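Among the features that Swiss-Prot reports, ATP binding site is placed at Ala7, Tyr8, Ser9, Gly10, Gly11, Leu12, Asp13, Thr14, Ser15, Ala34, Gly115, with the record citing sequence analysis. Annotated L-citrulline binding site per Swiss-Prot: Tyr85, Ser90, Asn121, Arg125, Ser174, Ser183, Glu259, Tyr271, in sequence order. What Swiss-Prot lists as L-aspartate binding site is Thr117, Asn121, Asp122, and the listing cites sequence analysis.
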Amino acid sequence: MAKVVLAYSGGLDTSVAIPWLKENYGYEVIAMSADLGQGEELAPLREKAIKSGASKIYIEDVRREFVEDYIFPTLKAGAVYEGKYLLGTSMARPLIAKKLVEIARKEGAEAVAHGATGKGNDQVRFELAVKALAPDLKIIAPWREWDIRSREDAVDYASARGIPVPVTRERPYSLDRNLWHLSHEGADLEDPGNEPPSDVLLLITPPEKAPDKPAYVKIEFERGVPVKLDGEALDPVTLIERLNKIAGENGVGIADMVENRLVGMKSRGVYETPGGTVLFLAHRELELLTLDRATLHFKEIVASRYAELVYDGMWFVPLREALDAFVDVTQRTVTGTVVMKLYKGNCTPAGVKSPYSLYDQELSTFGRDEIYNQRDAEGFINLFGLPLKVRALMEKKAGLR
């Protein structure tokens with residue numbers, strides 16, 4: 001019997017995909033789930049996949065690989081999509097696809113499948129990664145083929161086959177969780193005019209209910225990578241887990257946004273990224289201290305393009321690798337310590353130090369002029385403003401003024 005390897009999350013979409021693939025393709029279905037830091041969600045997957053009709057399931061622990069090879073490069077790049085989204089789902093999809101291909105090769109499968117909808121970004125991310133890594137594999141996307149047209153239809157389909165799913169008609173939210181973030185979409189969130197219900201947040205305390213006393217965290221970076229939290233050297237997974245807890249308790253990391261999907265429509269999502277938000281802002285503060293003006297400003301352009309590549313599923317492309325090479329050069333001096341103050345949803349800097357600081361206090365203060373002669377500014381302004389002056393004079397001469 002021919003085999004298909006399904007990217008399995010245990011959620012609604014992939015739960016109903018198992019019997020559907022068997023009924024419509026006659027495949028032996030092998031499930032593959034990536035442990036990206038979902039935590040307790042993984043516990044019931046093995047039994048659930050088998051009960052749903054899978055012949056076996058692989059649960060791959062890729063947490064450290066996720067952090068070191070996907071999260072940290074994106075963090076160093078300073079990538080954030082449309083000013084708010086820290087790319088938690090986008091970064092995870094190419095890694096899941098990579099593991100999907102590895103299991104397919106191991107099992108001799110002729111196809112892979114995923115549970116992404118035909119309206120979303122994830123279908124693109126999964127399939128571009130598979131095409132880049134294994135162009136010979138057939139890709140099946142049930143949502144683009146079956147008669148199920150809504151999450152409610154999928155719940156009915158699962159119920160008819162005795163498949164337990166975590167989504168009910170009363171709470172039909174689509175969730176995606178990993179070490180970096182938790183996303184919420186669907187139901188009443190689809191109307192951007194609605195405030196998210198108070199029970200939506202699962203990782204972060206609502207800011208108004210957060211402690212009345214601020215919390216401080218000290219993060220040490222080496223070449224753009226966080227290595228210590230409050231003076232303690234930690235492995236990357238533990239560092240993010242601890243920071244998630246501290247930031248979440250203080251209401252930090254909520255992003256409620258309407259974003260432009262790759263497939264051409266806008267969508268509304270609520271993202272919880274507690275630790276990631278702190279790391280992103282802390283890293284930015286350290287760059288402001290250690291990078292020169294030209295490098296910093298050009299890196300902002302790179303960050304925007306990097307975010308688009310990751311969001312669009314273009315992880316395994318030469319351009320992303322080339323941008324990584326540029327970013328790595330910029331991070332040579334991004335070493336130091338940043339203290340961040342967390343208070344009722346706010347995350348602000350409370351001190352930054354680096355042995356590579358480009359800030360010269362004596363030069364920057366309004367004191368004596370031994371180092372910086374203020375009279376020199378006049379000549380600089382005359383030369384810097386010369387194009388403006390010449391243009392104005394020529395326009396006046398031509399009667400345009």
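Just so it is clear, glycine is given a Cβ too, placed from its N, Cα and C backbone atoms.
Features as recorded by Swiss-Prot, highlighted on the structure.
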residue: Ser9; record: ATP binding site; DSSP (3 states): coil
residue: Ser15; record: ATP binding site; DSSP (3 states): helix
residue: Ser90; record: L-citrulline binding site; DSSP (3 states): helix
residue: Asn121; record: L-citrulline binding site; DSSP (3 states): coil
residue: Ser174; record: L-citrulline binding site; DSSP (3 states): strand
residue: Ser183; record: L-citrulline binding site; DSSP (3 states): strand
residue: Glu259; record: L-citrulline binding site; DSSP (3 states): strand
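Of all the binding-site residues listed here (Asn121, Ser174, Ser183), Ser174 has the Cα closest to the Cα of Gly11 (ATP binding site). Of the recorded residues, Asp13 (ATP binding site) and Thr117 (L-aspartate binding site) place their C-alpha atoms 8 Å from one another.
Counted within 10 Å of its Cβ, the other Cβ atoms near Ser9 (ATP binding site) come to 23, all protein chains included.
When the neighbouring Cβ atoms lying within 10 Å are counted for each of the binding-site residues (Ser15, Asn121, Ser174), the highest count belongs to Ser15.
Tyr85 (L-citrulline binding site) sits 15 Å from Asp122 (L-aspartate binding site), counting Cα to Cα. A straight line from the CA of Asn121 (L-citrulline binding site) to the CA of Ala7 (ATP binding site) spans 15 Å.
Rounded to a whole value, the Cα-Cα separation of Ser15 (ATP binding site) and Ser183 (L-citrulline binding site) is 19 Å. Summarising the ATP site geometry, the residues cited as binding it (Ala7, Tyr8, Ser9, Gly10, Gly11, Leu12, Asp13, Thr14, Ser15, Ala34, Gly115) extend over a maximum Cα to Cα distance of 16 Å.
The Cα atom of Ala7 (ATP binding site) lies nearest to that of Thr117, taking the binding-site residues Thr117, Ser183, Glu259 as the candidates.
For Asp122 (L-aspartate binding site), the same-chain residues lying six or more positions away in sequence with a CB closer than 8 A to its CB are Thr89, Arg93, His114, Ala116.
Here the C-alpha separation of Thr117 (L-aspartate binding site) and Ser174 (L-citrulline binding site) works out to 11 Å.
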